[in-house]
Amino acid sequence: FLTEYGLAGYNDEVLDVKFLGPGDSHIVVATNSPQLKVFELSTSHCQILYGHTETILALDVFRKGLMFVSCAKDKSIRVWRMNKDGRVFCAAQGLGHAHGVGAVSCSRLKESFIVTSSQDCTIKVWNIPESLTSKAKAALISSPETLHAQVTERGHDKDINSVAVSPNDKLIATGSQDRLAKLWSCSDCSLLGVFTGHKRGIWCVQFSPVDQILATSSADGTLKLWGLQDFSCLKTFEGHDASVLKVIFVSRGTQLLSGGSDGLLKLWTIKTNECVKTLDGHEDKIWGLHSNKQDDMVVTASSDSSITLWKDVSEIEQEEAQAKREEQIMKEQELSNLLHEKRYLKALGLAISLDRPHTVLTVIKAILKESDGRKRLEENIARLRKDQKEAVLAFLVTWNTNSRNCHEAQAVIETLLKHEAPDSLLQYSGIKSAVESLLPYTERHFQRLSRLLQASMFIDFMWQNMKLSDVSHQEDVIL
(Lines of atoms letter the chains of each structure in order from A and count residues from 1; the text may use other names and numbers.)
(Lines give C-alpha, C1' and ligand atoms only; values in the text may rest on other atoms or scores of the structure.)
Protein backbone atom coordinates (compact mmCIF):
# COMPACT_ATOMS: atom_id res chain seq x y z
CA PHE A 1 0.00 0.00 0.00
CA LEU A 2 1.05 3.55 -0.67
CA THR A 3 -0.30 6.70 0.97
CA GLU A 4 -2.01 8.72 -1.72
CA TYR A 5 -3.17 11.76 0.21
CA GLY A 6 -4.84 12.77 3.44
CA LEU A 7 -7.52 15.14 4.65
CA ALA A 8 -6.98 16.93 7.95
CA GLY A 9 -8.32 19.85 9.91
CA TYR A 10 -11.04 18.37 12.09
CA ASN A 11 -11.52 19.70 15.60
CA ASP A 12 -11.84 16.27 17.20
CA GLU A 13 -11.76 12.53 16.62
CA VAL A 14 -12.82 10.99 13.31
CA LEU A 15 -14.98 8.05 14.37
CA ASP A 16 -15.83 6.42 11.03
CA VAL A 17 -15.40 6.81 7.28
CA LYS A 18 -16.85 5.03 4.25
CA PHE A 19 -16.54 5.23 0.46
CA LEU A 20 -19.71 6.56 -1.17
CA GLY A 21 -21.21 7.35 -4.56
CA PRO A 22 -20.98 5.85 -8.06
CA GLY A 23 -17.48 4.48 -8.51
CA ASP A 24 -16.65 5.42 -4.90
CA SER A 25 -16.33 9.05 -5.94
CA HIS A 26 -16.97 10.38 -2.42
CA ILE A 27 -16.29 9.57 1.22
CA VAL A 28 -18.66 10.17 4.11
CA VAL A 29 -17.08 11.04 7.45
CA ALA A 30 -18.39 10.86 11.02
CA THR A 31 -16.51 13.16 13.37
CA ASN A 32 -17.09 13.64 17.08
CA SER A 33 -20.15 15.79 16.31
CA PRO A 34 -23.82 15.46 15.24
CA GLN A 35 -22.97 16.50 11.67
CA LEU A 36 -21.74 14.34 8.80
CA LYS A 37 -19.29 15.49 6.16
CA VAL A 38 -19.36 14.21 2.57
CA PHE A 39 -16.23 14.87 0.49
CA GLU A 40 -15.97 14.58 -3.28
CA LEU A 41 -12.52 13.01 -3.73
CA SER A 42 -11.68 14.66 -7.04
CA THR A 43 -12.33 18.21 -5.80
CA SER A 44 -12.35 17.92 -1.96
CA HIS A 45 -15.70 19.72 -2.09
CA CYS A 46 -17.49 19.18 1.23
CA GLN A 47 -21.19 18.90 2.12
CA ILE A 48 -22.25 19.10 5.77
CA LEU A 49 -25.30 17.01 6.67
CA TYR A 50 -27.55 17.95 9.58
CA GLY A 51 -30.08 15.72 11.31
CA HIS A 52 -28.66 13.93 14.33
CA THR A 53 -28.69 15.77 17.63
CA GLU A 54 -25.73 13.98 19.26
CA THR A 55 -22.39 12.49 18.18
CA ILE A 56 -22.54 10.12 15.20
CA LEU A 57 -20.78 6.86 16.09
CA ALA A 58 -20.83 4.67 12.98
CA LEU A 59 -21.66 4.47 9.26
CA ASP A 60 -22.35 1.87 6.60
CA VAL A 61 -23.06 2.08 2.87
CA PHE A 62 -25.27 -0.09 0.67
CA ARG A 63 -23.65 -1.97 -2.21
CA LYS A 64 -24.62 0.47 -4.97
CA GLY A 65 -23.11 3.35 -3.03
CA LEU A 66 -26.08 5.72 -3.37
CA MET A 67 -27.61 5.06 0.06
CA PHE A 68 -25.92 4.94 3.46
CA VAL A 69 -26.88 4.77 7.12
CA SER A 70 -25.64 6.62 10.19
CA CYS A 71 -26.23 5.87 13.87
CA ALA A 72 -25.63 8.10 16.86
CA LYS A 73 -25.65 8.66 20.59
CA ASP A 74 -29.12 10.23 20.18
CA LYS A 75 -30.45 6.59 19.99
CA SER A 76 -31.46 7.05 16.34
CA ILE A 77 -30.48 5.88 12.88
CA ARG A 78 -30.79 7.88 9.68
CA VAL A 79 -30.85 6.75 6.06
CA TRP A 80 -29.26 9.14 3.55
CA ARG A 81 -29.49 9.15 -0.23
CA MET A 82 -27.29 10.74 -2.90
CA ASN A 83 -28.82 12.34 -6.01
CA LYS A 84 -27.30 12.24 -9.49
CA ASP A 85 -25.76 15.66 -8.90
CA GLY A 86 -24.01 14.40 -5.76
CA ARG A 87 -26.31 16.17 -3.31
CA VAL A 88 -27.13 14.11 -0.22
CA PHE A 89 -30.39 14.29 1.74
CA CYS A 90 -31.95 12.39 4.68
CA ALA A 91 -34.57 9.93 3.40
CA ALA A 92 -35.57 8.18 6.62
CA GLN A 93 -34.98 7.99 10.35
CA GLY A 94 -35.65 5.42 13.04
CA LEU A 95 -35.90 5.37 16.82
CA GLY A 96 -36.13 2.42 19.17
CA HIS A 97 -32.91 1.71 21.03
CA ALA A 98 -32.76 2.59 24.72
CA HIS A 99 -29.15 3.82 24.52
CA GLY A 100 -26.76 5.19 21.92
CA VAL A 101 -26.52 3.17 18.69
CA GLY A 102 -22.87 2.24 18.29
CA ALA A 103 -22.77 -0.04 15.23
CA VAL A 104 -24.69 -0.48 11.98
CA SER A 105 -24.52 -2.79 8.97
CA CYS A 106 -26.45 -2.71 5.69
CA SER A 107 -27.78 -5.65 3.70
CA ARG A 108 -25.29 -6.72 1.01
CA LEU A 109 -27.29 -8.06 -1.93
CA LYS A 110 -30.12 -5.55 -2.10
CA GLU A 111 -31.13 -2.37 -0.28
CA SER A 112 -33.58 -4.32 1.85
CA PHE A 113 -32.67 -4.04 5.55
CA ILE A 114 -30.36 -2.57 8.20
CA VAL A 115 -29.00 -4.18 11.36
CA THR A 116 -28.02 -2.04 14.38
CA SER A 117 -26.51 -2.75 17.79
CA SER A 118 -26.40 -0.64 20.89
CA GLN A 119 -25.11 -0.10 24.42
CA ASP A 120 -28.49 -1.48 25.46
CA CYS A 121 -27.05 -4.91 24.49
CA THR A 122 -29.69 -5.48 21.78
CA ILE A 123 -29.59 -5.90 18.02
CA LYS A 124 -32.39 -4.64 15.81
CA VAL A 125 -33.31 -5.39 12.20
CA TRP A 126 -34.97 -2.57 10.25
CA ASN A 127 -36.64 -3.18 6.89
CA ILE A 128 -36.17 -0.59 4.13
CA PRO A 129 -39.46 0.42 2.45
CA GLU A 130 -39.67 0.39 -1.36
CA SER A 131 -40.25 4.14 -1.31
CA LEU A 132 -36.58 4.59 -0.38
CA THR A 133 -35.11 2.17 -2.91
CA SER A 134 -37.15 3.22 -5.95
CA LYS A 135 -35.45 6.13 -7.72
CA ALA A 136 -38.75 7.57 -8.89
CA LYS A 137 -40.35 7.45 -5.45
CA ALA A 138 -37.19 8.57 -3.64
CA ALA A 139 -37.12 11.74 -5.75
CA LEU A 140 -40.55 12.69 -4.35
CA ILE A 141 -39.51 12.45 -0.66
CA SER A 142 -40.01 15.83 0.96
CA SER A 143 -39.34 14.83 4.58
CA PRO A 144 -37.65 11.79 6.18
CA GLU A 145 -39.80 8.68 6.47
CA THR A 146 -40.05 6.89 9.82
CA LEU A 147 -38.54 3.44 10.16
CA HIS A 148 -39.59 0.81 12.69
CA ALA A 149 -37.54 -2.15 13.87
CA GLN A 150 -39.03 -5.47 12.75
CA VAL A 151 -37.00 -7.65 15.11
CA THR A 152 -35.26 -6.91 18.42
CA GLU A 153 -33.05 -9.40 20.25
CA ARG A 154 -30.94 -9.09 23.39
CA GLY A 155 -27.61 -10.29 22.05
CA HIS A 156 -24.92 -9.88 24.71
CA ASP A 157 -24.37 -9.07 28.36
CA LYS A 158 -22.22 -6.01 27.61
CA ASP A 159 -21.95 -3.29 24.94
CA ILE A 160 -22.12 -4.60 21.36
CA ASN A 161 -19.22 -2.92 19.53
CA SER A 162 -19.69 -4.32 16.03
CA VAL A 163 -22.29 -5.88 13.77
CA ALA A 164 -21.93 -7.30 10.25
CA VAL A 165 -24.21 -8.82 7.61
CA SER A 166 -22.98 -11.78 5.55
CA PRO A 167 -22.51 -11.44 1.75
CA ASN A 168 -25.65 -13.53 1.10
CA ASP A 169 -27.82 -11.50 3.55
CA LYS A 170 -28.68 -14.64 5.56
CA LEU A 171 -26.46 -14.20 8.61
CA ILE A 172 -25.60 -11.53 11.17
CA ALA A 173 -22.47 -11.46 13.31
CA THR A 174 -21.98 -9.41 16.47
CA GLY A 175 -18.95 -8.68 18.64
CA SER A 176 -19.16 -7.47 22.21
CA GLN A 177 -17.26 -6.25 25.25
CA ASP A 178 -18.23 -9.58 26.85
CA ARG A 179 -15.38 -11.18 24.76
CA LEU A 180 -17.84 -13.13 22.63
CA ALA A 181 -18.79 -13.03 18.96
CA LYS A 182 -22.14 -14.50 17.98
CA LEU A 183 -23.80 -15.67 14.78
CA TRP A 184 -27.49 -14.99 14.17
CA SER A 185 -30.07 -15.77 11.50
CA CYS A 186 -31.14 -12.66 9.59
CA SER A 187 -34.75 -13.77 9.23
CA ASP A 188 -35.67 -13.93 12.94
CA CYS A 189 -32.47 -13.12 14.86
CA SER A 190 -32.31 -16.65 16.27
CA LEU A 191 -28.91 -17.54 17.73
CA LEU A 192 -26.92 -20.01 15.60
CA GLY A 193 -23.64 -20.18 17.51
CA VAL A 194 -21.05 -18.52 19.73
CA PHE A 195 -17.36 -17.87 18.99
CA THR A 196 -15.32 -18.17 22.19
CA GLY A 197 -11.62 -17.54 22.54
CA HIS A 198 -10.72 -13.86 22.83
CA LYS A 199 -9.36 -12.79 26.21
CA ARG A 200 -10.74 -9.25 26.07
CA GLY A 201 -13.59 -7.40 24.41
CA ILE A 202 -14.20 -7.77 20.65
CA TRP A 203 -14.07 -4.52 18.68
CA CYS A 204 -14.87 -5.65 15.14
CA VAL A 205 -16.44 -8.54 13.20
CA GLN A 206 -16.27 -9.04 9.42
CA PHE A 207 -17.44 -11.79 7.05
CA SER A 208 -15.10 -13.07 4.36
CA PRO A 209 -16.31 -12.14 0.86
CA VAL A 210 -15.31 -15.55 -0.52
CA ASP A 211 -15.29 -18.17 2.28
CA GLN A 212 -17.50 -19.36 5.12
CA ILE A 213 -15.29 -17.49 7.56
CA LEU A 214 -15.70 -14.72 10.14
CA ALA A 215 -12.85 -12.41 11.20
CA THR A 216 -12.75 -10.79 14.63
CA SER A 217 -10.42 -8.24 16.21
CA SER A 218 -10.04 -7.69 19.91
CA ALA A 219 -8.63 -5.57 22.73
CA ASP A 220 -6.35 -8.55 23.48
CA GLY A 221 -4.24 -7.47 20.47
CA THR A 222 -5.13 -10.43 18.25
CA LEU A 223 -7.18 -11.19 15.14
CA LYS A 224 -8.96 -14.51 14.76
CA LEU A 225 -10.61 -16.37 11.89
CA TRP A 226 -13.57 -18.63 12.68
CA GLY A 227 -15.39 -21.32 10.71
CA LEU A 228 -19.10 -20.63 10.31
CA GLN A 229 -19.99 -24.33 10.23
CA ASP A 230 -18.55 -25.48 13.55
CA PHE A 231 -17.65 -22.10 15.18
CA SER A 232 -14.05 -23.26 15.69
CA CYS A 233 -11.04 -20.91 15.65
CA LEU A 234 -9.14 -21.52 12.40
CA LYS A 235 -6.28 -19.04 12.78
CA THR A 236 -4.95 -16.46 15.23
CA PHE A 237 -2.88 -13.47 14.08
CA GLU A 238 -0.56 -11.95 16.68
CA GLY A 239 1.54 -8.84 16.12
CA HIS A 240 -0.34 -5.79 17.35
CA ASP A 241 0.89 -4.38 20.65
CA ALA A 242 -2.42 -2.65 21.32
CA SER A 243 -6.17 -3.15 20.88
CA VAL A 244 -7.19 -4.05 17.32
CA LEU A 245 -10.13 -1.78 16.61
CA LYS A 246 -10.86 -2.63 12.96
CA VAL A 247 -10.35 -5.48 10.53
CA ILE A 248 -11.39 -5.90 6.88
CA PHE A 249 -10.74 -8.47 4.15
CA VAL A 250 -8.75 -7.19 1.17
CA SER A 251 -7.08 -8.64 -1.95
CA ARG A 252 -10.23 -10.59 -2.83
CA GLY A 253 -10.41 -12.24 0.56
CA THR A 254 -6.81 -13.50 0.65
CA GLN A 255 -5.51 -10.89 3.09
CA LEU A 256 -6.61 -9.02 6.20
CA LEU A 257 -5.99 -5.36 6.98
CA SER A 258 -6.21 -4.35 10.62
CA GLY A 259 -6.05 -1.04 12.46
CA GLY A 260 -4.94 -0.61 16.06
CA SER A 261 -5.35 1.85 18.88
CA ASP A 262 -1.64 2.71 18.43
CA GLY A 263 -2.31 4.15 14.95
CA LEU A 264 -0.68 1.26 13.07
CA LEU A 265 -2.15 -0.60 10.10
CA LYS A 266 -1.05 -4.19 9.51
CA LEU A 267 -1.49 -6.25 6.35
CA TRP A 268 -1.73 -10.02 6.89
CA THR A 269 -1.59 -12.88 4.40
CA ILE A 270 -4.16 -15.43 5.55
CA LYS A 271 -2.50 -18.50 3.99
CA THR A 272 0.81 -17.98 5.81
CA ASN A 273 -0.40 -16.17 8.97
CA GLU A 274 2.30 -13.61 8.16
CA CYS A 275 2.20 -9.85 8.70
CA VAL A 276 3.64 -8.69 5.36
CA LYS A 277 3.52 -4.95 5.97
CA THR A 278 3.08 -2.46 8.80
CA LEU A 279 1.94 1.04 7.88
CA ASP A 280 2.48 3.92 10.28
CA GLY A 281 -0.20 6.24 8.98
CA HIS A 282 -1.76 7.70 12.12
CA GLU A 283 -0.75 9.00 15.52
CA ASP A 284 -3.78 7.75 17.43
CA LYS A 285 -6.60 5.18 17.41
CA ILE A 286 -7.83 4.02 13.99
CA TRP A 287 -11.63 4.00 14.27
CA GLY A 288 -12.49 3.94 10.55
CA LEU A 289 -11.27 1.41 7.95
CA HIS A 290 -12.98 0.75 4.61
CA SER A 291 -12.00 -0.53 1.15
CA ASN A 292 -13.57 0.52 -2.13
CA LYS A 293 -15.50 -1.78 -4.48
CA GLN A 294 -12.49 -2.14 -6.81
CA ASP A 295 -10.53 -3.51 -3.84
CA ASP A 296 -7.54 -1.33 -4.73
CA MET A 297 -7.96 1.59 -2.32
CA VAL A 298 -8.48 1.89 1.44
CA VAL A 299 -9.53 4.83 3.57
CA THR A 300 -8.68 5.16 7.26
CA ALA A 301 -9.87 7.57 9.94
CA SER A 302 -8.34 8.25 13.32
CA SER A 303 -8.59 10.01 16.65
CA ASP A 304 -5.70 12.18 15.41
CA SER A 305 -8.32 14.14 13.41
CA SER A 306 -7.06 12.92 10.05
CA ILE A 307 -8.26 10.78 7.15
CA THR A 308 -5.81 8.91 4.93
CA LEU A 309 -6.38 7.29 1.54
CA TRP A 310 -4.18 4.33 0.68
CA LYS A 311 -3.61 2.96 -2.82
CA ASP A 312 -2.81 -0.74 -3.30
CA VAL A 313 0.26 -0.76 -5.53
CA SER A 314 1.21 -4.44 -5.13
CA GLU A 315 0.21 -5.36 -8.71
CA ILE A 316 2.06 -2.33 -10.11
CA GLU A 317 5.15 -3.28 -8.07
CA GLN A 318 4.96 -6.87 -9.34
CA GLU A 319 4.71 -5.67 -12.94
CA GLU A 320 7.64 -3.29 -12.43
CA ALA A 321 9.71 -6.06 -10.82
CA GLN A 322 8.95 -8.41 -13.71
CA ALA A 323 9.87 -5.74 -16.25
CA LYS A 324 13.11 -5.09 -14.35
CA ARG A 325 13.97 -8.80 -14.36
CA GLU A 326 13.35 -9.03 -18.09
CA GLU A 327 15.47 -5.93 -18.68
CA GLN A 328 18.29 -7.44 -16.60
CA ILE A 329 18.20 -10.65 -18.65
CA MET A 330 18.38 -8.68 -21.89
CA LYS A 331 21.28 -6.58 -20.60
CA GLU A 332 23.18 -9.69 -19.49
CA GLN A 333 22.72 -11.24 -22.92
CA GLU A 334 23.88 -8.00 -24.54
CA LEU A 335 26.93 -7.97 -22.25
CA SER A 336 27.80 -11.52 -23.27
CA ASN A 337 27.57 -10.52 -26.94
CA LEU A 338 29.75 -7.43 -26.39
CA LEU A 339 32.45 -9.50 -24.68
CA HIS A 340 32.34 -12.08 -27.46
CA GLU A 341 32.76 -9.28 -30.02
CA LYS A 342 35.53 -7.68 -27.87
CA ARG A 343 33.65 -4.37 -27.72
CA TYR A 344 35.09 -3.67 -24.28
CA LEU A 345 34.14 -0.01 -23.82
CA LYS A 346 30.42 -0.71 -24.30
CA ALA A 347 30.76 -3.85 -22.19
CA LEU A 348 32.29 -1.83 -19.34
CA GLY A 349 29.57 0.84 -19.57
CA LEU A 350 26.81 -1.78 -19.51
CA ALA A 351 28.36 -3.71 -16.61
CA ILE A 352 28.67 -0.48 -14.59
CA SER A 353 25.02 0.40 -15.34
CA LEU A 354 23.98 -3.02 -13.99
CA ASP A 355 25.73 -2.03 -10.72
CA ARG A 356 27.44 -5.39 -10.44
CA PRO A 357 31.07 -5.22 -9.28
CA HIS A 358 31.73 -8.87 -10.18
CA THR A 359 30.46 -8.32 -13.74
CA VAL A 360 32.74 -5.27 -14.16
CA LEU A 361 35.63 -7.37 -12.84
CA THR A 362 34.83 -10.07 -15.42
CA VAL A 363 35.07 -7.47 -18.22
CA ILE A 364 38.42 -6.14 -16.90
CA LYS A 365 39.81 -9.68 -16.66
CA ALA A 366 38.73 -10.29 -20.27
CA ILE A 367 40.55 -7.11 -21.37
CA LEU A 368 43.75 -8.03 -19.50
CA LYS A 369 43.80 -11.47 -21.14
CA GLU A 370 44.41 -9.81 -24.51
CA SER A 371 48.01 -9.75 -25.78
CA ASP A 372 48.12 -5.97 -25.28
CA GLY A 373 45.78 -6.08 -22.28
CA ARG A 374 47.37 -3.30 -20.21
CA LYS A 375 47.26 -0.90 -23.14
CA ARG A 376 43.64 -1.77 -23.94
CA LEU A 377 42.64 -1.38 -20.28
CA GLU A 378 44.17 2.09 -20.17
CA GLU A 379 42.39 3.09 -23.40
CA ASN A 380 38.98 1.91 -22.16
CA ILE A 381 39.25 3.29 -18.61
CA ALA A 382 40.37 6.66 -19.98
CA ARG A 383 37.25 6.88 -22.19
CA LEU A 384 34.80 6.31 -19.34
CA ARG A 385 32.74 9.20 -17.96
CA LYS A 386 33.63 10.62 -14.53
CA ASP A 387 30.61 8.97 -12.85
CA GLN A 388 31.58 5.62 -14.40
CA LYS A 389 35.16 5.98 -13.14
CA GLU A 390 33.79 6.77 -9.67
CA ALA A 391 31.75 3.57 -9.81
CA VAL A 392 34.80 1.52 -10.87
CA LEU A 393 36.82 3.09 -8.05
CA ALA A 394 34.17 1.99 -5.55
CA PHE A 395 34.16 -1.52 -7.03
CA LEU A 396 37.95 -1.99 -6.98
CA VAL A 397 38.06 -1.22 -3.25
CA THR A 398 36.19 -4.53 -2.81
CA TRP A 399 38.30 -6.38 -5.37
CA ASN A 400 41.49 -5.26 -3.65
CA THR A 401 40.52 -7.02 -0.42
CA ASN A 402 40.90 -10.40 -2.15
CA SER A 403 44.34 -11.57 -3.27
CA ARG A 404 42.74 -13.35 -6.26
CA ASN A 405 41.50 -10.06 -7.68
CA CYS A 406 44.13 -7.64 -6.40
CA HIS A 407 46.09 -7.68 -9.69
CA GLU A 408 43.08 -6.36 -11.64
CA ALA A 409 42.39 -3.80 -8.91
CA GLN A 410 46.00 -2.60 -8.95
CA ALA A 411 45.95 -2.40 -12.76
CA VAL A 412 42.93 -0.09 -12.65
CA ILE A 413 44.47 2.01 -9.84
CA GLU A 414 47.65 2.38 -11.87
CA THR A 415 45.62 3.48 -14.91
CA LEU A 416 43.68 6.08 -12.92
CA LEU A 417 46.85 7.46 -11.31
CA LYS A 418 48.57 7.62 -14.69
CA HIS A 419 45.76 9.36 -16.61
CA GLU A 420 44.04 11.50 -13.96
CA ALA A 421 45.60 14.60 -12.42
CA PRO A 422 45.71 14.61 -8.57
CA ASP A 423 43.32 17.59 -8.42
CA SER A 424 40.88 15.71 -10.64
CA LEU A 425 41.08 12.54 -8.51
CA LEU A 426 40.40 14.56 -5.36
CA GLN A 427 37.06 15.62 -6.87
CA TYR A 428 35.92 11.98 -7.13
CA SER A 429 32.99 11.00 -4.94
CA GLY A 430 34.16 8.81 -2.03
CA ILE A 431 37.86 9.25 -2.85
CA LYS A 432 38.90 9.70 0.80
CA SER A 433 37.28 6.50 2.08
CA ALA A 434 38.48 4.63 -1.04
CA VAL A 435 42.13 5.59 -0.40
CA GLU A 436 41.82 4.72 3.29
CA SER A 437 40.50 1.27 2.36
CA LEU A 438 43.00 0.67 -0.46
CA LEU A 439 46.21 1.47 1.42
CA PRO A 440 46.33 -1.33 4.05
CA TYR A 441 45.40 -4.08 1.58
CA THR A 442 47.79 -2.75 -1.07
CA GLU A 443 50.66 -2.76 1.44
CA ARG A 444 49.73 -6.32 2.42
CA HIS A 445 49.74 -7.42 -1.24
CA PHE A 446 53.19 -5.86 -1.82
CA GLN A 447 54.56 -7.52 1.31
CA ARG A 448 53.20 -10.85 0.10
CA LEU A 449 54.80 -10.24 -3.34
CA SER A 450 58.09 -9.33 -1.64
CA ARG A 451 58.04 -12.57 0.32
CA LEU A 452 57.20 -14.49 -2.84
CA LEU A 453 60.10 -12.78 -4.65
CA GLN A 454 62.52 -13.69 -1.84
CA ALA A 455 61.26 -17.26 -1.85
CA SER A 456 61.65 -17.37 -5.61
CA MET A 457 65.25 -16.08 -5.37
CA PHE A 458 66.06 -18.64 -2.67
CA ILE A 459 64.59 -21.49 -4.73
CA ASP A 460 66.53 -20.27 -7.77
CA PHE A 461 69.76 -20.13 -5.70
CA MET A 462 69.20 -23.63 -4.36
CA TRP A 463 68.47 -24.91 -7.86
CA GLN A 464 71.73 -23.41 -9.22
CA ASN A 465 73.71 -24.94 -6.35
CA MET A 466 72.12 -28.32 -6.97
CA LYS A 467 73.10 -28.15 -10.64
CA LEU A 468 76.72 -27.20 -9.76
CA SER A 469 76.88 -30.06 -7.24
CA ASP A 470 75.74 -32.53 -9.89
CA VAL A 471 78.40 -31.32 -12.38
CA SER A 472 81.14 -31.63 -9.73
CA HIS A 473 80.04 -35.16 -8.84
CA GLN A 474 80.09 -36.20 -12.52
CA GLU A 475 83.69 -34.84 -12.90
CA ASP A 476 84.81 -36.82 -9.82
CA VAL A 477 83.40 -40.00 -11.31
CA ILE A 478 85.20 -39.44 -14.61
CA LEU A 479 88.48 -38.83 -12.83
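Each Cβ is built from the backbone N, Cα and C atoms, and glycine gets one as well.
This prediction places the mean pLDDT of the coiled coil (367-394) at 87. Taken from TrEMBL, the feature coiled coil applies to 367-394.
DSSP states for the domain 'U3 small nucleolar RNA-associated protein 13 C-terminal' (332-466), grouped as helix (H, G, I), strand (E, B) and coil, give 110 helix, 0 strand, 25 coil. Annotation source TrEMBL lists domain 'U3 small nucleolar RNA-associated protein 13 C-terminal' at 332-466.
With DSSP classes pooled into helix, strand and coil, the tally for the repeat 'WD' (49-83) is 0 helix, 20 strand, 15 coil. For 49-83 (among others), the entry in TrEMBL reads repeat 'WD'.
If you look up TrEMBL, you'll see 94-136 (among others) marked as repeat 'WD'. Cβ atoms under 8 Å from those of the repeat 'WD' (94-136) belong to residues 54, 57-64, 67-79, 81, 145-169, 172, 174, 176, 184, 186, 189 of the same chain, restricted to positions at least 6 beyond its ends.
With a cut-off of 8 Å between Cβ atoms, the residues of this chain six or more beyond the repeat 'WD' (153-185) that come close are 102-110, 112-113, 115-119, 121-125, 191-196, 198-207, 209, 214, 216, 218, 226, 228, 231. Here TrEMBL flags 153-185 (among others) as repeat 'WD'.
According to TrEMBL, the feature repeat 'WD' maps to 195-236 (among others).
As annotated by TrEMBL, repeat 'WD' applies to 237-278 (among others).
Per TrEMBL, the feature repeat 'WD' maps to 279-311 (among others). In terms of DSSP helix, strand and coil, the repeat 'WD' (279-311) has 0 helix, 19 strand, 14 coil.
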